[in-house]
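Worksheet: one structure, shown below.
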Amino acid sequence: MLNIAQRIFGSTNTRLVKSLYKIVNQINAIEHEFQILSDESLKNKTIEFKEQLNNGKTLDDILVPAFAVVREASKRILNMRHFDVQLIGGIVLHKGMISEMKTGEGKTLVATLAAYLNALEGKGVHVVTVNDYLAKRDADWMGELYNSLGITVGCILSDTNDLDRKKAYNCDIVYSTNNNLGFDYLRDNMKFSRNEMVQRGFNYAIVDEVDLILIDEARTPLIISGQVDQDIKMYNKIDKLIYELSEEDYELEEKHRNIFLTECGITKIENLLIQHKLISSNTSLYDIDNMIIMHYITQALRAHKIFSLDKDYIIKDGNIIIIDEFTGRMMDGRRYSDGLHQAIEAKEKLNVNNENQTLASITFQNYFRMYKKLSGMTGTAETESEELLGIYNLQVVQIPTNTPVQRIDLNDDIYCTEEEKFDAIIKFISECHKKLQPVLVGTISIEKSEILSKLLTKNKLKHSVLNARYHEQEAYIIAQAGIPGTITIATNMAGRGTDIQLGGNLKMLAKTTLANILDKEIISIKYKQLVEKVNKDKEIAIQAGGLCVIGTERHESRRIDNQLRGRSGRQGDPGLSKFFLSLEDDLLRIFGSDKIKGMLKKLGMKKGEAIQHTWISRAIEKAQHKVELRNYDIRKSLLKFDNVINEQRKVVFDQRNRILDNDSYNISLIYRDINSDIVNNIIHDKYYNLDDETYKLISSEITRIYSITLDYNTISELESKNKLIEHINNITDEFFNKKIAEFTSKEKDLWDNLTKKVMIMSLDYLWREHLAALDSLKCGINLRSIAQKDPLNEFKSEAFSMLESMMSNFYELIIQRLAHLKSDNIFHSYSKELNNLQSSQDINSIKISRNEKCPCGSGKKYKHCHGENI
């Protein structure tokens, strides 16, 4: 019934696109009006649009002429005219939806339409890319277009300093990466004054490769961390014991990436621990005193049995560098949490660094939901449309291609073993190479790409390898990948950001070929020769069948496979794609059902022979869909827990901003509440009457907080609670009045400035400790389900109680720190104390060279950041 209805009325996507063509026709109808304008008149249109907005018009009201202006400016500046389908993509972005556009359809140019229109409000537009290279490329490239229209453009890279970051954020449009934006938000909420903050709000974001950022990286939070004291030698001691375990000692769940000791394993590891004097002979592994040992063992097992070198991480300059499982890129600066990184360092016999404590964190899910309007672009989002709509309220709109796709997608070939599969791949590549067809081979890991590279070398087939080891040459390798006879092996990273053009990427080739030539006349001659060569090579590649894309195994997500296929057949070019699989591939081995193996037996699978059948293809798709649903459920569950933390983050950051915005504080209101709480808590919680023991406890608490000694004889004569509170208030009033007078005599605003800093530092310290407590709570909360309790509700309840306790401690800590301030040599002693305290909050007493990068993540050297005053 649904298919019949779609044939009659068209799908929702078709109807929406059809309706948008009405707006496109309006833009086309007025195109000639802007063609006759001078460059200056075209630029002045920006001023006109801003005036119209100030006079009450909306962005939708000026969309048609604004898009026409951008199209005309693009023709003049970039020599590129927006196609009608690109205009549709721009409208979709402006409306806060996702434009799904095939590779090569010009997403970078499409973004200029929505970015320009929304920049007219003057509230800022963030164009988000996946790496610094693309951010800089797009800012430089599209910046010429924006500047010609009087729109300012900024670019923020990983090494951009705070001053330049602030300037960039104040531009109309800023290009940056998701990581830079997220970390800037966290760092801003660790700053000690508004003037130090760099961001100016969250108005509108256009996220390129939106599926990668909002889906694939949704489970990885951004974390600013500092090191904590711990027994790092224990990681090496435990690592040595892991080699003593056999397969019967642990149970591995590859689907969920979990590992557990069996009863046999527990007995063996306990004996080994006792033998090496790591636990007492009369204790058990699960005794309270030994629970931390269990933590070390679990992480060591995960490091050895679940995480693999050249797949999950590589070793570079003596450090473990995590590999992004979705892009294949190195994630410099990222570390596994909860001791896993240290366990891997011990496994690889590297120097084990201290574990980190979270100072601030946020997930991309919650970061991007702060924007008033959010939109995105990608070549593959339809398979994740349910999640994008459910979590981010983003509708996916499939934009038609400008010219029909001519790529041929061949059926998968399935072999018994990986060895047979690789033999078939080499044979297929060799056949393509003979007819000069360019080939791109996609692998899921560095390990597999290097196995294939060795086989190609053995067969004397010249090729290039693009993976995290050689990421510096990425742009150049991609530029060459469409040249006839070229063979390129790539991990997932190759599918992002850069087009593979048949014949080669002229702009990139010109940049590398002509870089060292100074004579303009020679450059002109060489460039013409290069253009002729690229055009000739393009024809050869087309005649050979276009780019051939080979997948060496299926990814867990259909979307990643579609991205690989999408490298071929750009803008109507011919192309070919084919996947080679084996029963030893992770997807089929872990997630494939016995049904698939049964099918293959029925089809008479023999060694060295490939099977092609629609049954198998459908079964594999079902396995992928099953994994996608599982991953979606995991992300949904994580989001529910993170939403609890996110709401608390908003409360704390809002409180922090209110402190920063306030210039004077009525401290007496705080300490009077605290005095009342001290007396009430001691009397109500522990004692019913005002007796000697009660007076001693109250006196002790007052001394602890204020360093004031109460006169025992005086307070013991007070017969009521109210009189006692009044007496303590009078004493603390007098104490603080003297202290304030003492400080203000040195400098008028000194007390208020110190109070503000103490309040900020106290809140930051307690928030850091609170995050650690929430992490611990979250780790064990699922065990509550054994007692028939909902873990999420339990987490919400306890997290709220913990926040209440934190805020109560916050006020007490403020008073305690202020009470202990000394005015003697305040500009020297306390200024140094304050700076040391601030530094310890941000980096948690890390011992670091002054010329190394600051651990806070600012990108600056330590001596120019948190080590400036040390």
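Backbone N, Cα and C atoms are what each Cβ position is placed from, and that goes for glycine too.
In the record from Swiss-Prot, residues Gly104, Glu105, Gly106, Lys107, Thr108, Asp499 bind ATP; the candidate from Gln86, Gln480 listed for the same site is Gln86. Around Gly104 (ATP binding site), taking its Cβ as the centre, 21 other Cβ atoms fall within 10 Å, counting all chains.
Of the binding-site residues Gln86, Thr108, Gln86 has the largest number of other Cβ atoms within 10 Å of its own Cβ. Between the binding-site residues Glu105, Asp499, Glu105 has the most other Cβ atoms inside 10 Å of its own Cβ, all protein chains included. Other than Gln86, Gly104, Glu105, Gly106, Lys107, Thr108, Asp499, the residues of this chain whose Cβ falls within 8 Å of the Cβ centroid of the ATP site are, in sequence order, Met101, Thr103, Leu109, Val110. Taking Cβ-Cβ distances under 8 Å and a sequence separation of 6 or more, the neighbours of Gly106 (ATP binding site) in its chain are Met80, His82, Phe83, Gln86.
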